[in-house]
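Visitor: Pasting a structure here, questions to come.
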Amino acid sequence: ISPSLLYLFSLATLLAVVTGTGTPSQEVHPSHYATTFNKSLFPKDFLFGIGSSAYQVEGASNIDGRGPSIWDTFTKQHPEKIWDHSSGNIGADFYHRYKSDIKIVKEIGLDSYRFSISWSRIFPKGKGEVNPLGVKFYNNVINEILANGLIPFVTLFHWDLPQSLEDEYKGFLSSKVVKDFENYADFVFKTYGDRVKHWVTLNEPFSYALYGYNGGTFAPGRCSKYAGNCEYGDSSTEPYIVAHNLILSHAAAAKLYKTKYQAHQKGNIGATLVTHYFEPHSNSAADRVAASRALDFFFGWFAHPLTYGHYPQSMISSLGNRLPKFSKEEVELTKGSYDFLGVNYYSTYYAQSAPLTTVNRTFYTDIQANVSPLKNGAPIGPATDLNWLYVYPKGIHSLVTHMKDVYKNPIVYITENGVAQSRNDSIPISEARKDGIRISYHDNHLKFLLQGIKDGANVKGYYAWSFSDSYEWDAGYTLRFGIIYVDFKDNLRRYPKYSALWLQKFLLK
């Protein structure tokens, strides 16, 4: 075998050692990796990382003192809402395998590992008594990341609200959550902030508010009867109330960090937002306005208050008194409440103007736009195994340019970007590892992102999603987002997909 092939298989060899998988297969052809497009073209201080989240990967859901989150309850009470009726009780068992997983991240040549802290692992009831074993676990994870020469990029809230707070006051439907979130953040900053310099308060508040309260497909599973199969909820108001309290929770935690910790810990804090980019369905003025309005509703809903202290005018006009208002004090608290913005980007949709309706209101009628990846039956880009994800890498350039032009060119980290494949246990692992679609997805998005940087967008890092196959929320274990294959049928053994080897080559490891 040639030296170059041996070089390519260093990761596979490591995986064989740390996961006990024996001799790795060597069917990967080196031509897959022959590329002049690599890390060296990006700014010297640019971070390349990979991500995960607590409920998706940790497992160990009811051991070592962790309290239940709303996702534990949701998957238990509504298994019919999960595609394969599963839960994150085991995930990818990161709780017991974090050392070997972090070693793989290092071996790939990445700079940083993004993960989230389970609020109910630290505070089993959301507040009050601290769980020392939970505190110890994250100390161990952070220390292991640093010991491997990696940078921890840590999210405080990735959708797994402690069930106790949902029971006590309906969670983010109540403004009481703001103080509890601030206290949780305070403890985490105090405990880990000597080593963690990149903090994300919230991951995708849009998804939490929309899927949890508009359609009811995410925990806590609330929506109007006309919008989905939910016992309780109001799709016309609750998503906006929840979003408002998420924004205020972020702002409170960010202010706390900046006033109490930042000067001596010398870290940065931000929030991670998610959006599609939107192209007008036609060149008509109405469709151009609809595309702009859709971006306001998906992205500006959070980016506008965090930057300017108020909601986008298009939302105010559409929603009237259904949209909560910020007090003068809240405007000051929220405005400019970040050092950076994280952005999760996967796809771009068309937006076509639609009339505003006053019956059976939902987020999607409020937008006054029909949003779809299809135009006259033709997709905006190649379809994938995930029904909403169509490949459109140009959108990442358009999005970071939009942030530069509309939101004062903030420091940006792409905190998620990736593609899923359907889980198919009937094909051999040697075949399942061949994920050419993922290689081309990352390669093309990075090319458009680099162009965005050259055009002046202040992007400082790119985190692929995700490290390993894991629990994909309402899709359960039916989809694989990882660059590392997890064998759910054989003790969760890890195998590198071709994308992991491509990434290693891209990173000049």
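Backbone N, Cα and C define each Cβ position, glycine as well.
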Visitor: Report which of Asn370, Asn424 appears in Swiss-Prot with the annotation N-linked glycosylation site.
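Guide: That would be Asn424, per the N-linked glycosylation site annotation in Swiss-Prot.
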Visitor: Please report the distance from the Cα of Trp473 (beta-D-glucoside binding site) to the Cα of Cys223 (disulfide bond), rounded to the nearest angstrom.
Guide: 18
Visitor: Give me the Cα-Cα distance between Tyr346 (beta-D-glucoside binding site) and Glu416 (active site, nucleophile), rounded to a whole Å.
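Guide: About 8 Å separates the two Cα atoms.
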Visitor: Please give the beta-D-glucoside site's span as the largest CA-CA distance among Gln56, His158, Asn203, Glu204, Tyr346, Glu416, Trp465, Glu472, Trp473, Phe481, to the nearest whole angstrom.
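Guide: Answer in Å: the longest Cα-Cα distance is 18.
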Visitor: Going by Cα-Cα distance, which of the recorded positions (Asn38, Cys230, Asn424) sits nearest to Glu204 (active site, proton donor)?
Guide: Cys230
Visitor: Helix, strand or coil: which one is Trp473 (beta-D-glucoside binding site) in, per DSSP?
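Guide: Helix, per DSSP.
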